[in-house]
Amino acid sequence: MKRAFIMVLDSFGIGATEDAERFGDVGADTLGHIAEACAKGEADNGRKGPLNLPNLTRLGLAKAHEGSTGFIPAGMDGNAEVIGAYAWAHEMSSGKDTPSGHWEIAGVPVLFEWGYFSDHENSFPQELLDKLVERANLPGYLGNCHSSGTVILDQLGEEHMKTGKPIFYTSADSVFQIACHEETFGLDKLYKLCEIAREELTNGGYNIGRVIARPFIGDKAGNFQRTGNRHDLAVEPPAPTVLQKLVDEKHGQVVSVGKIADIYANCGITKKVKATGLDALFDATIKEMKEAGDNTIVFTNFVDFDSSWGHRRDVAGYAAGLELFDRRLPELMSLLRDDDILILTADHGCDPTWTGTDHTREHIPVLVYGPKVKPGSLGHRETFADIGQTLAKYFGTSDMEYGKAMF
């Protein structure tokens, strides 16, 4: 029986890549800088002391970081027994965004350039804005700028509630984001607006990767909160992923937990499970692992590392999240059968000590564990697509165009 379980710790980079200078990210190191802050006692907010990740360390995390950067993260045990196979992987894709990272993991790197809204003020073309106002019958719009999602709610949330004007904003990523209040504007209305925006961006040739619905609740600035009803409308991958091949060639099953289905525009996904927060995502993953049959992938994205702590530059929060993940990791490992493989990885970096609020161009960890997986180093991987090619070989699908099987 062949089953694979892929866990993406969204944004969990392990050191800047060789081409980081092109992105302004030389020296970025999500894991290393979190560990350094913890070791210095600078991340003692609800948790305390050095970063404590014994289970991830046993799977090779500290060694993968050493391969990427040349050193073991502060406070982590470089001499611990390693029971898994580990690697550090470079991104072939042209960006450092979520779709590029995930698609490349599944064997389809993004070799074209995404479109971006690079102006920090008046970010969107007037023609696009006019079409959205007309088609969605809007009273106008707010924002039209680059912003952090939480900052813009404090700035414009109250005005949005009074006027009914949606908040449009973007970032350094290829995204068009729309924030609206779940109660005063309505969730269904927000989703419909996002569908219209997706159509206009596609038809207009803007080449924008994602439209993201950002619903929130609350009654005034300072207590607005984004909810778990986020929805991403992505373009489809430019070629069949290993997920699609498993479904088409092996009549397999691919279970999305969290936002995976959105990232792949539902391509190659046979079941979608919604969950919000690390514990709920873990619980849903465990349930699906227990029910998984032959030729099945259970694919989970743990988005909180990125959205709650990476972008918000919350070192202590990120550290606490990693420690929670590590504590629960044995629950996943205990469910593995003889031929199963568990892959822990990431899609990009988002160093919470870095300037700004955007992603960072970093190597990702590739930690592989299973009863039949030989422990030890798998070395430096030239592309995330090595994961996809490994899965193609494991399940016996046709080869992917990119990547080399790791074993």
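All positions are counted from 1 along the displayed chain.
Note that Cβ sites are derived from N, Cα and C of the backbone, with glycine treated the same way.
According to Swiss-Prot, the Mn(2+) 1 binding site annotation covers Asp10, Asp347, His348, on the basis of sequence analysis. Listed in sequence order, the residues of the same chain lying 6 or more apart from His348 (Mn(2+) 1 binding site) and placing their CB within less than 8 Å of its CB are Ser11, Gly13, Glu91, Lys96, Asp97, Thr98, Ser100, Gly101, His359, Thr360, Arg361, Glu362, Ile364.
Summarising the annotation, Swiss-Prot assigns Mn(2+) 2 binding site to Asp306, His311, His359. In this structure, Asp306 (Mn(2+) 2 binding site) is part of a helix by DSSP. Cβ neighbours of Asp306 (Mn(2+) 2 binding site) (same chain, under 8 Å, six or more residues apart in sequence): Asp10, Ser11, Thr98, Cys350, His359.
The sparsest Cβ neighbourhood within 10 Å, among the listed binding-site residues (His311, His359), is found at His311. Of the recorded residues, Asp347 (Mn(2+) 1 binding site) and His311 (Mn(2+) 2 binding site) place their C-alpha atoms 14 Å from one another. In the structure shown, the C-beta of Asp347 has more C-beta neighbours within 10 angstroms than that of any other entry among the binding-site residues Asp10, Asp347.
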